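See below for the structure under consideration.
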Amino acid sequence: MASNGACDTMRVFLLAVGCWLNLLIKYYAMESRANHNQVSHCPNKCLSCVQWLPLFKKKKQNSIEKFQNHDIIVYVLGGPGCGKGTQCSKIVEDFGFIHLSAGELLETEVKTGSETGKMIQEFKKEGKLVPSEVVVKLLKQAMQRSGNRKFLIDGFPRNEENRLTAEKMLGIQPTIVLVFDCSEEEMIRRVMQRNQGRVDDNMDTIRKRLKVYKESTLPVIDYYAKKGKARKINAERPVEEVFRSVEAVFSELGLVKRGKTIV
Ligand SMILES: Nc1ncnc2c1ncn2[C@@H]1O[C@H](COP(=O)(O)OP(=O)(O)OP(=O)(O)O)[C@@H](O)[C@H]1O
Ligand SMILES: Nc1ccn([C@H]2C[C@H](O)[C@@H](COP(=O)(O)O)O2)c(=O)n1
């Protein structure tokens, strides 16, 4: 008698498992049709109960979970006012990159009035570099939010600490590093004529920024030059001429202007 009871329990159990598997199969068949843009006409009303099955699936996210080897990451370096931002806008237009300026991300944080923002403002006034973890955290958030896979990271990494923190916190290496080369006199002239109300566009701060560039950023450029990743471009020329050299670098990467071929 006892063994009969056990058999019954086992039968009920197997029946339940069978029903569950049946539902799962039907759900995935429906989902596969949906993924192929086919309309699902399911006559079986009981199938409605499978709609809650996605609850058991890991939630899909819009943001990027992890940066991957096939992401294209272009670091953009050069002294203050050499024209990085100007060239980046043109690259975005023609090559469909997402432009992330470390300086602008910091400025956005300043405008929130947060404690971090106040601290950033003090560093900027002094022409000093903000602690790497702050910059990298802002970059990471912006990269993940963008959902893009081609990043133009402008004004970063400015020192060895920036570079190492990005490697550690983001796990990324640049595909290539654009370096805009310009004389100090020309950079000072451009910054002083910029007239955008920046807290760091004054003679005293520019001198400090140039010092930081020479002492902290040039060694980073040397590091990438040794790895064969730095592409030096003469930025002293008019905007369009500089951009022609930029285009040459992008075609070396196998990227062509939007609207011509698939990038
Ligand atoms: N090739 C160029 N010739 C003349 N003026 C230029 C050239 N490129 C940029 N400029 C001008 O120089 C100023 C600085 O340019 P931009 O803001 O692009 O430099 P930046 O490198 O991004 O500066 P920063 O590092 O301070 O953010 C701007 O007023 C811009 O219009
Ligand atoms: N990696 C970075 C980038 C920028 N900053 C700070 C210091 C700069 O003077 C300022 C403006 O940057 P820019 O627009 O010139 O790229 O932002 C930093 O501390 N670390």
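The backbone N, Cα and C atoms fix where each Cβ goes, and this holds for glycine too.
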Additional site residue, R194, R198, R207, R258 [criterion: listed by TrEMBL with G81, C82, G83, K84, G85, T86, R237 for ATP]:
R194
Considering only the binding-site residues G81, T86, V130, R158, N162, R237, which possess a Cβ situated under 6 angstroms from at least one atom of ligand 2?
V130, R158, N162
For C82 (ATP binding site), name the DSSP secondary structure in the helix/strand/coil scheme.
coil
If you count the C-beta atoms lying within 10 Å of each candidate's C-beta, which of the binding-site residues K84, R209, R237 ends up with the smallest number?
R237
